[in-house]
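Asks: Pasting the feature list from TrEMBL:
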type     : residues : note
DOMAIN   : 10-405   : domain 'Ammonium transporter AmtB-like'
TRANSMEM : 12-34    : transmembrane segment
TRANSMEM : 46-65    : transmembrane segment
TRANSMEM : 100-121  : transmembrane segment
TRANSMEM : 128-150  : transmembrane segment
TRANSMEM : 162-183  : transmembrane segment
TRANSMEM : 195-215  : transmembrane segment
TRANSMEM : 227-247  : transmembrane segment
TRANSMEM : 259-277  : transmembrane segment
TRANSMEM : 283-302  : transmembrane segment
TRANSMEM : 314-334  : transmembrane segment
TRANSMEM : 354-378  : transmembrane segment
REGION   : 397-451  : region 'Disordered'
COMPBIAS : 421-430  : compositional bias 'Low complexity'
COMPBIAS : 431-445  : compositional bias 'Basic and acidic residues'
Amino acid sequence: MEGLDTGSNAWILTSAALVLLMTPGLALFYGGLTRAKSVVNMMMKCLAAIGIVTLLWVIYGASIAEGDTGNAFWGGLSDLGMRGLLDFEASHDGGVSGGALTAFAMMFAIITVALISGAVADRMKFSAWVIFAAIWVTVVYFPVAYWVWGDGFIEDWGVLDFAGGTAVHVNAGAAALALALVVGRRLGWRNGAFAPHNLPLVLLGTGLLWFGWFGFNGGSAFASDDIAGLALLNTHIATGAAALAWLATDRLRGVKPSILGGCSGVIAGLVAITPAAGHVEPLGAIAVGLIAGAICPFAISLKHRLGYDDALDVVGLHMVAGAWGSVAVGFFAVPEISDGTAGVFYGGQFSFLGLQALAVLVVAAYSFIVALLIALALKHTLGVRVDSEQELAGIDGTEHGESGYDLPLNGHDSGEDSLGAADSAQASDVSQRHSAESTSTKKDTSAAIPT
C-alpha cells in the first residue's frame, strides 16, 4: 500500500482493540453498580450495543459518519457497505489505512450507545432498548460524529474535540436523560435501597475502562507520534487528579472515602480529559481533572432535587464531565499542538471559548430532543418498561431467564426488604454514596413495597 506508515497503522489497530475492550469493561462497571437481580440485563444491554452498532456501521453508519459529500450535516450514502472507505491502494492522512481508521471509529460508536444504558438500569425492556439503540445511533450518533469530526458544520466552526467530549459523552448523557425521563423512576427510588451489589466488579470494570481509554484518547492522534504520547500522558494525569479531587470533595461533605467514590472520580477524569487530551499541557490536564472531580459529585446530586432517576449517573458523570472538558479546551488549548488555535489562557479569543460551549449545547439539545421522541414513540407502541411484578422479581429472570449468580438472593435483591430502611452503612445508589445528605436519611418502613 502506497504511503502506509506501519507504525502508526499498528497503533491505530491496537487502539481500536483497546476501545472495544472498554465496552465489556463498562458492562462490568455498570453490572457491579446495579442490584444482583439486574446484573445480567445491564451487561446484556452493553453486549447488544456491540452487535447492533457493528452491523449498522458496516451497512450505512460509516458512510453517514465518514462519507465525503461536502454536506455540512451528514456524509451521505455513497459509501454504503463501506465502499470507498477501504482504499487498498493508498493510505489516508498520517499513513493509516482506511480499514484501521473505520474500525477505530466504529468502536467509538459502540461505546457511546452502551453508555446510555446505565440510565435505565433495573426497569427497561430489553427489546425496547435494542430498538432504541438502533434508531438513536442512526439518527443521532452517526450524524453528530460527522458534524464534529467529518466535514460537518461544528468542525467548520473550528471547534476542537480531540476524542469525543461532545460527540461521545455529552451526546450519550443527553440521550440518557431523555430516556430516563420517559421510562420513569425505579420502584421505591425516593426511599433508596439501590446500593451497588458488587464493588470489586465496579473496580475491575473501572480498571478496564482506564486501560482502554489510553487507546480511546491516544489513538485519536491518528498516528504513533508525540501527540499520541501527550494524549496518553494527559489522560492518566487528569484521571489521577480527578480521583483525588472526588475523594477530597467527599471528605469535605462528610462522606467517608470509598471505592465507589474513587472509581467515580476516575471516570469523571477520563471523560473530562477526552476532548482535551491532545490539546493541553500536563498542567492543564491537572486543572481539567481537579475541576471534574470537584463538580461531578454535585452534578449527580441534582437528580434527587430535580426528581429524575438516572440510575447509574450517566448524566452527572458523562454529560457534565464531557461538557466541562469541551469548554476547558477553550481555556487551556496550546496553539503549538492545536493547529494554531489558542485557549483563553494562552492568548486566545473568547469567541473560541464560546464556540466550544455552543457545540456542547447544540449536540446536547439535538440528542436530547431526538432521544425523547424515539423513547416516547416506543412507550406508546411497544412499551419501554417491564411491569412492576417483573421489576420486583428481578429483570434478569423475567427478561433473560438467567441469573448472574448461582446463589439465593437476599431480601434486598428479591424485593422483600423495606425500601425505606437503607440509610445505614451503605448509601442507596451512586450519587447517595457521594452525598452528605444520605447520612441523615431517616427510616420510613411505611414505604416498603409489598411482596
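Any Cβ shown, glycine's included, is placed from N, Cα and C.
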Asks: Kindly say whether the transmembrane segment (100-121) and the transmembrane segment (162-183) touch, using the definition of 3 or more Cβ pairs under 8 Å where each pair is 6 or more positions apart.
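Replies: Counting Cβ pairs under 8 Å, at least 3, so yes.
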Asks: Among 46-65, 128-150, 227-247, 314-334, 354-378, which stretch has the most Cβ pairs under 8 Å to the transmembrane segment (259-277)?
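Replies: So the stretch in question is 227-247.
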Asks: Near the transmembrane segment (162-183), which residues from the same chain, at least 6 beyond its ends, have a CB less than 8 A from one of its CBs?
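Replies: Cβ under 8 Å, 6 or more out: 108, 111-113, 115-116, 118-120, 123-124, 132, 136, 140-141, 144-145, 147-149, 154, 216-217, 220, 231, 271-272, 274-279, 308-311, 314-315, 317-323, 325-326, 329, 359-360, 363-365, 367-372, 375-376, 379, 384-385.
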Asks: Should anything in the same chain at least six residues away from the transmembrane segment (227-247) have a Cβ under 8 Å from its Cβ atoms, list it; otherwise answer none.
Replies: 11, 162-163, 210, 213-214, 217-221, 257, 261-262, 264-266, 268-270, 272-273, 276-278, 280, 282, 284-286, 288-294, 296-297, 337, 434
Asks: Six or more residues out from either end of the transmembrane segment (314-334), which same-chain residues have a Cβ under 8 Å from its Cβ atoms?
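Replies: Beyond its ends, the transmembrane segment (314-334) has Cβ neighbours at 115-116, 118-119, 160-162, 164-166, 168-170, 172-174, 176-177, 180, 264, 267-269, 271-276, 279-281, 284, 287-288, 291-292, 295-296, 299-303, 308, 341-346, 348, 352-357, 359-360, 364, 431.
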Asks: Residues of the same chain, at least six outside the transmembrane segment (283-302), with any C-beta under 8 angstroms of its C-beta?
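Replies: Same-chain contacts beyond the ends: 233-235, 237-246, 248-250, 253, 264-265, 268-269, 271-273, 276-277, 313, 315-317, 320-321, 324-325, 328, 331-332, 334, 430-431, 434-435, 437.
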